[in-house]
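Inspection log for the structure reproduced underneath, given as structure tokens.
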Amino acid sequence: MKFAVLKFPGSNCDRDMYNAALKSDVEAEYVDYRNTSLDGFDGVLIPGGFSFGDYLRSGAMASVAPITEAVKQFAKEGKPVLGVCNGFQILTEIGLLPGALLHNDSHLFVSRNESLRVVNHNTAFTNLYNEDETVVYPVAHGEGHYYCTQDMYDRLEANNQIILKYVNNPNGSFNDIAGIINEQGNVCGMMPHPERAIEPILGTDSGVKLFQAMVNSWREQNV
């Protein structure tokens, strides 16, 4: 398996994503935002940071970068896509995931470890966790408040698209939502950082299982 790690001007978690992929015993390669093809890749990782300085709003300018059309096609083909933090914001901006990310209720940047509850463990991203398992991922964002209408939330619930919820909501996200998937189950977005949770020496290795689940799920279908 080979992951594409996208790089935009202002990305700052691309190395963490790259290392998380390598730790899962697969290949990874950085892909510049000006590229227009994802040929040769089996998965896409969209890292956190402040793409294009977060001008207009987080992820807005990245959403019209050349690489995003390739990401849409990649997702349409059923291949796995993970967007974390700014990557989640980009996925909502390009319409691969529902909802939007707003400023934190506190209007402050939040940076700390957060406990999360695994709401749905029957996905390609969470199937190595137990249902209702508590995991710990770092968060680092100023615009992490996940917003959706009640109707959208009801659809997310009905389709089991909510995969992670905050134990102690740090940003005002609707019904504590921390991470979701698309209806097809191959696109995942979350504000917390699993790629920063892969080394026990840094306080938590809860994120290892998420990347390994992605790899295992791909291998089950393709090897």
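If you go along the chain as it appears here, the first residue is 1 and each next one adds 1.
Glycine is no exception: its Cβ is also placed from the backbone N, Cα and C atoms.
Database features (Swiss-Prot):
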{"type": "ACT_SITE", "residues": "CYS85", "note": "active site, nucleophile"}
{"type": "ACT_SITE", "residues": "HIS193", "note": "active site"}
{"type": "ACT_SITE", "residues": "GLU195", "note": "active site"}
{"type": "DOMAIN", "residues": "2-223", "note": "domain 'Glutamine amidotransferase type-1'"}
Measuring Cα to Cα, how far is the residue listed as 'active site, nucleophile' from HIS193 (active site) in Å? 7
By the DSSP assignment reduced to helix, strand and coil, which category contains GLU195 (active site)? helix
Across every protein chain in view, the count of C-beta atoms other than its own within 10 A of the C-beta of CYS85 (active site, nucleophile) is 30
Take the Cβ of GLU195 (active site) and count every other Cβ within 10 Å, whichever protein chain it belongs to. 29
So HIS193 (active site), by the Cβ count within 10 Å over all chains shown, scores 25
